[in-house]
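Student: Please find one structure pasted underneath; my questions will follow.
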Amino acid sequence: MIYEGKAITVTALESGIVELKFDLKGESVNKFNRLTLNELRQAVDAIKADASVKGVIVSSGKDVFIVGADITEFVENFKLPDAELIAGNLEANKIFSDFEDLNVPTVAAINGIALGGGLEMCLAADFRVMADSAKIGLPEVKLGIYPGFGGTVRLPRLIGVDNAVEWIASGKENRAEDALKVSAVDAVVTADKLGAAALDLIKRAISGELDYKAKRQPKLEKLKLNAIEQMMAFETAKGFVAGQAGPNYPAPVEAIKTIQKAANFGRDKALEVEAAGFAKLAKTSASNCLIGLFLNDQELKKKAKVYDKIAKDVKQAAVLGAGIMGGGIAYQSASKGTPILMKDINEHGIEQGLAEAAKLLVGRVDKGRMTPAKMAEVLNGIRPTLSYGDFGNVDLVVEAVVENPKVKQAVLAEVENHVREDAILASNTSTISISLLAKALKRPENFVGMHFFNPVHMMPLVEVIRGEKSSDLAVATTVAYAKKMGKNPIVVNDCPGFLVNRVLFPYFGGFAKLVSAGVDFVRIDKVMEKFGWPMGPAYLMDVVGIDTGHHGRDVMAEGFPDRMKDDRRSAIDALYEAKRLGQKNGKGFYAYEADKKGKQKKLVDSSVLEVLKPIVYEQRDVTDEDIINWMMIPLCLETVRCLEDGIVETAAEADMGLVYGIGFPLFRGGALRYIDSIGVAEFVALADQYAELGALYHPTAKLREMAKNGQSFFG
């Protein structure tokens, strides 16, 4: 044993060849934390000091290679002054450079996922051999930063600027065959032959058959592009990537600028350029919010794992109510491996549900994401039925009938008589109280809410709603089933609107107030889209459906009359009464017509102004900043109330619910992190400036206390 640590070992294999193996004790994956970096330094020094070493193979003792840096540790460094952050980064980079400079050939054997620092470790090796099932990539831009362990320096010198820019700016994971095409790796083999292939490569390099020094040299030098080639490559890339990323995500363009600034430098000077740019990005609001979301997501995954311990396995599911929603749920279940019965009361509903599932499957086949054989297998996993005959074997039933409490209660009571006593019933309701629906059941402990968002195949969130009598087993089993379907479940307690709709309707309330104050809804949409929302509130209301919004608004007003009830008619009333229901019937705030591909195209329709005229009660002069505040303050304050009321347990769950459920701007991190970014005291003062708009704008006593004590939602 040449070196033995808790994360890394270096052992002799044969004939002077050693294996540097990453295998972090007590963890399921390898990652670069302080311990691993320190041990890599010691391991490299030990190899350097051993004159008998003739070659090094880098490997992993886990199913993955290295997933990247331990962001929970490194995020603390981001708070350091720039000079300290840069110095620390360069110190870490010296380890990778010293490994690269070893006076013997090196081969990285990539057995599984190698991301971020994991791939950067591989780039420092002379040769890379990759299992055909592995994936590699530099996903740092998704955290608002860019690669900081030499990725912006080595990758463009290995695979060319255009390819490197695509990899770094997109943050995508790349399959083995694609990595081989651009020469990011030297060979691809089946996983069982990886060790032998790495050994063969290192022997050929030791013998001189492969010139490892020549292979290494381009990574140490400046880029092989003249001034004109550089200008064409970088300026074109910056323009394209800036258009794709938008102004709120600076990391992709900064990465290109860094590669450009370092183009005429050798490795060590180029690494200094990388470190300076990395420190700049680490201080941005976008990186703070995006890293916060990543950490929130990790917290959610940990919570979901706790439920796994008591959950029952759902081997057979059922959905009640076919149609588009039922078909979407059936598709999602069957495509992820859980067969599902799809029941409706008539053939038309069944046909609609099957058509929806088939449409989604055909779309995947057309895009090359699924084989026709797999499509047939998924369709066979959806069994349509008009009766309860086969429900005796069902583990979990999702009720997805019309959003009416009496209808839902009747259907749930009926199905309860046809399933096993331990079967779980879940209602896909967006607003109706789970505890109210449970009153119709003999076994309310087996009943929960399971709120899918539309369209089911695209929206990642599922709210699992715990009613007053819902058992831990029912909640856990539903969470596990949602995960199995490829969704991100969040457990919420019962209340009108649960989490997402309870928070969304105050946002719509702010929008309604603006329209009634004479503000053009097209302008409001533009301002909120610029703020970062995927679509403005008028367009979103059209997509949701004016009738759906009208019903939801009434449910929320009944549940929270002190702040959500408005006796005046609003824009949604005017459109609903005029039967302008949004995209579903071609007219809402906007008009819609299908383009050549059948996609709904949004058009400005001046006739809506006459419809809205009676609900415009004044003409206020508001700034764009006012528009943002009228919209965002009620949304943020309702999120605070949800946390205070225990509807969600943690700030992380609240923020992730809004990101996954309604497309809250990623770079702003969620409603509670948005408050933190302003400052709790400053946000309370801001809300007080709009207090005359009503109770939705009034901070809670607890929030005022937080402001007074200088507290925040995230440390």
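Cβ from N, Cα, C; glycine included.
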Student: Looking at the substrate binding annotation from Swiss-Prot, with N501, Y660 already listed, which candidate in D200, D211, D268, D297 is the matching residue?
Tutor: D297
Student: Just to be sure I read the record right: M325, D344, V401, V402, E403, K408, S430 are listed as binding NAD(+) in Swiss-Prot. Which of N288, N296, N454, N488 is listed for the same site?
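Tutor: Checking N288, N296, N454, N488 against Swiss-Prot: the NAD(+) site match is N454.
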Student: Give the three-state DSSP assignment (helix, strand or coil) for H451 (active site, for 3-hydroxyacyl-CoA dehydrogenase activity).
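Tutor: H451 (active site, for 3-hydroxyacyl-CoA dehydrogenase activity) sits in a strand per DSSP.
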Student: Would you say which of the binding-site residues N454, N501 has the most Cβ atoms within 10 Å of its own Cβ?
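Tutor: Of the binding-site residues N454, N501, the highest Cβ count within 10 Å belongs to N501.
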Student: Mind giving me a neighbour count for S430 (NAD(+) binding site)? Other Cβ atoms within 10 Å of its Cβ, every protein chain shown.
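Tutor: Summing over all protein chains shown, S430 (NAD(+) binding site) has 22 other Cβ atoms within 10 Å.
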Student: In Å, rounded, how far does the Cα of D297 (substrate binding site) sit from the Cα of S430 (NAD(+) binding site)?
Tutor: 23
Student: Go through the binding-site residues V401, S430, N454 and tell me which ones have a CA within 10 A of the CA of N501 (substrate binding site).
Tutor: S430
Student: State the three-class DSSP label for D297 (substrate binding site), counting H, G and I as helix, E and B as strand, and everything else as coil.
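Tutor: Note: D297 (substrate binding site) is helical by DSSP.
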